[in-house]
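Peer 1: So that we are looking at the same thing, I have put the structure below in structure tokens.
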Amino acid sequence: MTDSTHRTTAIILAAGLGTRMKSRLPKALHRLGNQPMINHLITTARQVFDDVVVVTGPDMPELEKAVRPFKTVTQVERLGTAHAANTARDLFGTGDVAILYADNPLITAETMRRLLAARREGASLALLGMRPAEPGRYGRIVEDHGRVVKIVEFKDATEDERRITLCNAGVMCAGVDDFRTWLANVGNDNAQGEYYLTDVVEMAAKAGPVVCVEAPEAELAGVNSRSELARAEATLQTRLRNAAMDAGVTLVAPETVFFSTDTVIEADVTIEPNVFFGPGVKVRSGALIRAFSHLEGCEVGENAMIGPYARLRPGTLCAAQTHVGNFVELKNVELGEGAKANHLTYLGDASIGSGTNVGAGTITCNYDGVFKHRTTIGERVFVGSDSILVAPVTVGDDALIAAGSVITSDVPPGDLALGRARQTLKSGQGLQIKQSLKARKEQG
């Protein structure tokens, strides 16, 4: 970061339609780690640059909304990358300016800092390059004694140039005044009639040294198709898994655990295989997340045990020492310390006190077809198996709900509530019915 007279700016080009995505959604809004690609880049750029500006295309209100409160400018006609950058020239700031791409969401802050440092060490222009396993049709970076001479597109490259393994990633950084001048001089004398940023490189080379900062392919490879999006997701998940393990989290089978970028897991948490973390999850120290569980928008307290096959939905808070077992779903639930719901249960829009045990098959009926209603269960309550609590309803501390009950009225503290039909016995009729049914079956 710099003082107000030399503010650095990151210009993110995001006007591309992403036709290879085969989607109505702008390419920059496709998600990685449960947030739009462009938000990854903005978050990283804000760690390095003073200001961030996003260049959008026409008719992209969803994109403009997604990047608020950052400034946007619209490239009315899509006439190439240099044209897009030039659209934002009035927002370049007063110091160095970097051009980034919304479809390069995995560039790290460290790589951005290296780019900016290379520019400040005397380069007229610094750019990012990579050595992909399959260079394919990437533009090649032609160097002479460590200085970049030009970028040549694959289709225009000679056989010798095509053997160059250093490829252009498109990202570059220069001083604001020079950049404005170079952009103004980029022409469109090419088959597509577009203005390309790569043309800036030769201009910069005449003004001073142009240097290439190399970074791994996984950081710089573009996301232009669904398959490339999947590869980027795999790269991101590897980063998130490694970060979790480095922070003291045990992943029994790391490759099967999927995080969101905002997932917070404290040290000494153990996560079993095939667990998915949606947005907004916090897991406190000592918790155990068992296999095949799905968590989103929730918090899990210290030494809690979740799963296997549990689902925690938004608004759920499981306090310390709680147990949420197999095939239990919680939605907008406060589960008090030490409370348990271990089997085959749906609890929605409920508050459950500490020490309460919710038996197998219990359901809170929270929806009347129009409105949601809340169920409040006190501390140390025992809810018998196969109980139905029809909200709104309150069960007081130390109450006991008999198995199979339908509870429609409040239960005072310490009371026993039974809400089921009385059992009736009819001597011998069970055997008679079975024999009758068997006879009918034999008769066809």
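From the backbone N, Cα and C atoms, a Cβ is placed for every residue, glycine too.
Taken from Swiss-Prot, the feature region 'Pyrophosphorylase' applies to 1-226, supported by sequence analysis. Positions annotated as UDP-N-acetyl-alpha-D-glucosamine binding site by Swiss-Prot: 13-16, K27, Q75, 80-81, G139, E153, N168, N224, R313, K331, Y346, N357. The Mg(2+) binding site annotation in Swiss-Prot covers D103, N224. Sequence annotations record features per position, and here Swiss-Prot assigns region 'Linker' to 227-247. Residues annotated as region 'N-acetyltransferase' in Swiss-Prot, with sequence analysis given as evidence: 248-444. Under the heading active site, proton acceptor, Swiss-Prot lists H343. Marked as acetyl-CoA binding site by Swiss-Prot: A360, N366, Y367, S385, A403, R420.
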Peer 1: In whole Å, note down how far the CA of D103 (Mg(2+) binding site) lies from the CA of G80 (UDP-N-acetyl-alpha-D-glucosamine binding site).
Peer 2: 15
Peer 1: Within 10 Å of L13 (UDP-N-acetyl-alpha-D-glucosamine binding site) (Cα-Cα), which of the recorded positions N224, H343, A360, N366, S385, A403?
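Peer 2: For L13 (UDP-N-acetyl-alpha-D-glucosamine binding site), the recorded positions whose Cα atoms are within 10 Å come to none.
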Peer 1: Looking only at the region 'N-acetyltransferase' (248-444), what is the model's average confidence as pLDDT?
Peer 2: 97
Peer 1: May I ask you to report the DSSP-based helix, strand or coil state of N366 (acetyl-CoA binding site)?
Peer 2: coil
Peer 1: Within 10 Å of Y367 (acetyl-CoA binding site), Cα to Cα, which of the binding-site residues A15, G139, N168, N224, R313, Y346 are there?
Peer 2: none
Peer 1: Taking DSSP as the reference, which of helix, strand or coil describes G139 (UDP-N-acetyl-alpha-D-glucosamine binding site)?
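Peer 2: Coil, per DSSP.
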Peer 1: Starting from the Cβ of N224 (Mg(2+) binding site), draw a 10 Å sphere and report how many other Cβ atoms land inside it.
Peer 2: 15
Peer 1: Compile a sequence-ordered list of residues in the same chain as D103 (Mg(2+) binding site), six or more apart from it, whose Cβ lies below 8 A from its Cβ; state 'none' when nothing qualifies.
Peer 2: G16, G18, K27, A28, M37, G222, V223, N224
Peer 1: Cα distance, R420 (acetyl-CoA binding site) to the residue listed as 'active site, proton acceptor', nearest Å?
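Peer 2: For the residue listed as 'active site, proton acceptor' versus R420 (acetyl-CoA binding site), the Cα atoms are 21 Å apart.
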Peer 1: If I take the alpha carbons of N366 (acetyl-CoA binding site) and R313 (UDP-N-acetyl-alpha-D-glucosamine binding site), what is the distance between them in whole Å?
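Peer 2: That separation, Cα to Cα, works out to 15 Å.
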Peer 1: List nothing but the one residue from N168, N366, S385 whose Cβ has the fewest other Cβ atoms within 10 Å; the candidates are the binding-site residues.
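Peer 2: Comparing Cβ neighbours within 10 Å for the binding-site residues N168, N366, S385, S385 has the fewest.
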Peer 1: Going along the chain, which residues six or more apart from G139 (UDP-N-acetyl-alpha-D-glucosamine binding site) have their CB under 8 A from its CB?
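Peer 2: Counting only residues 6 or more apart in sequence, the Cβ neighbours of G139 (UDP-N-acetyl-alpha-D-glucosamine binding site) under 8 Å are I151, V152, E153, F154, C167, N168, T198.
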Peer 1: Once near-sequence residues are set aside, which residues in the chain of R420 (acetyl-CoA binding site), 6 or more away, have Cβ atoms under 8 Å from its Cβ?
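Peer 2: Spatial neighbours, sequence-distant, of R420 (acetyl-CoA binding site): A402, G404, S405, V406.
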Peer 1: Can you count helix, strand and coil residues in the region 'Linker' (227-247) using DSSP?
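Peer 2: Here the numbers are 20 helix, 0 strand, 1 coil.
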